[in-house]
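Engineer: Can you keep this structure in mind? I'll have questions shortly.
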């Protein structure tokens, strides 16, 4: 008879107690969402290390969270793109945003590829390592790789319901764009009033969906607690393997962090003209969630929320570029890890690689970033694709599977950072980045207009004059939909941050689409 796992019960009790503590901090507004996620991260690591083999009772909670947040991703992308594109007024602007988004997403990946290639060659990762490939079966991993022609075919939807069910991002985006462009065409030919009910319906669904996403985001610290506990347990269980491949893991962390903060920081300063340190601070919740869940798609609601409500990127750009960044570019999973694994294999096997071979490697790194799924395990597939394409044995990838999950944490964080960076740059170049929101001279107005007539007061109006940091945290947590629609001038309170008991706030209308926004001088510095 199998003995009862009392240690598992104790682990559950500790997790519940830790969650209760997080709830109290949140309820009393002692800490905002980002801080609570960090607290949960450290608590989860402790629980995972102490109760390494006794987490069966708490891990389902993390799986449930990932399932729930993944379930709203497809509807969120559809209504966000439909709402944003139908508000653009013309197809030319959509084309400009699309081309610019793809360019910057691919550029972040290209830079990450060159960065990783340089680090791997300089430190000669894998040199002197005996791979011992005898008996290692890599046949199952080659089956995971999709041929390039099928990748391109997969960009186009064959079954809309199936694409939504499988979270196939590019087909979902294509379907949404076709509907949105059709709306613009009909509105241009027969008048906007003819299709106004369609837009009103989409905007209403968006408000409701954003509110639902807000509820889910409130659960993030509790989910992080149990997910990171499971991850910490798995890593410590294979600590000998991790140490054996320490150089690969270390370089993966260095390259991913350099890509996420150093490279993106330079791009933000030069091309978006914003303070990198302030930008990454606003993106903290999304980055830590990406680190924990290892899912760019699962982090998407937090990413778009931070871009619109804290960074000041317009909904038009954020709702297009950020979802696209979960399947194109992705420097962590498509740039850093595949290149690092390939160079590790080349050096370990003593293969003489020439200049043209490295050029092919760079091109392959770019190609595998097209249509990559932003879900856990993506780096394993992209690495397999690159390694097999350059003629290296797939068994090299199999050897590194034990450390893949550990590397996946920083890879996903780099992916999310790159997508957000691209959105900020596109926003700046399209005059769709609000410096007042970024510098906290204004905050995004989370209130729907009175009577639900969204057309009379667009969602991207701002609340200015004395808004507190707690208000911004509330907006990011609730996804833009507040309860009730009271007076326009009143004190605001954050659900997870510091409250502003005294400062009144005023609503100002955003300039019309025809007006060009001029960025004020005197940007905040690093």
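Positions of Cβ are set from backbone N, Cα and C atoms, glycine also.
In TrEMBL, annotation is done automatically, which means it is predicted and not curated.
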Engineer: Labelled transmembrane segment by TrEMBL, one stretch among 136-159, 328-351. Can you tell me which?
Structural biologist: 328-351
Engineer: Assess whether the transmembrane segment (241-267) lies in contact with the transmembrane segment (328-351), where contact requires at least three Cβ pairs under 8 Å among residues 6 or more apart in sequence.
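Structural biologist: Yes, the transmembrane segment (241-267) and the transmembrane segment (328-351) are in contact.
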Engineer: Sequence gap of 6 or more, Cβ distance under 8 Å, 3 or more pairs: do the transmembrane segment (207-229) and the transmembrane segment (64-85) meet that?
Structural biologist: yes
Engineer: State, in range form, which of 97-123, 288-308, 328-351 has the highest count of Cβ pairs under 8 Å to the transmembrane segment (64-85).
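Structural biologist: By Cβ pairs under 8 Å, 288-308 leads among 97-123, 288-308, 328-351.
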Engineer: Which stretch, 6-25, 97-123, 164-186, 288-308, tops the Cβ pairs under 8 Å count with the transmembrane segment (328-351)?
Structural biologist: 97-123
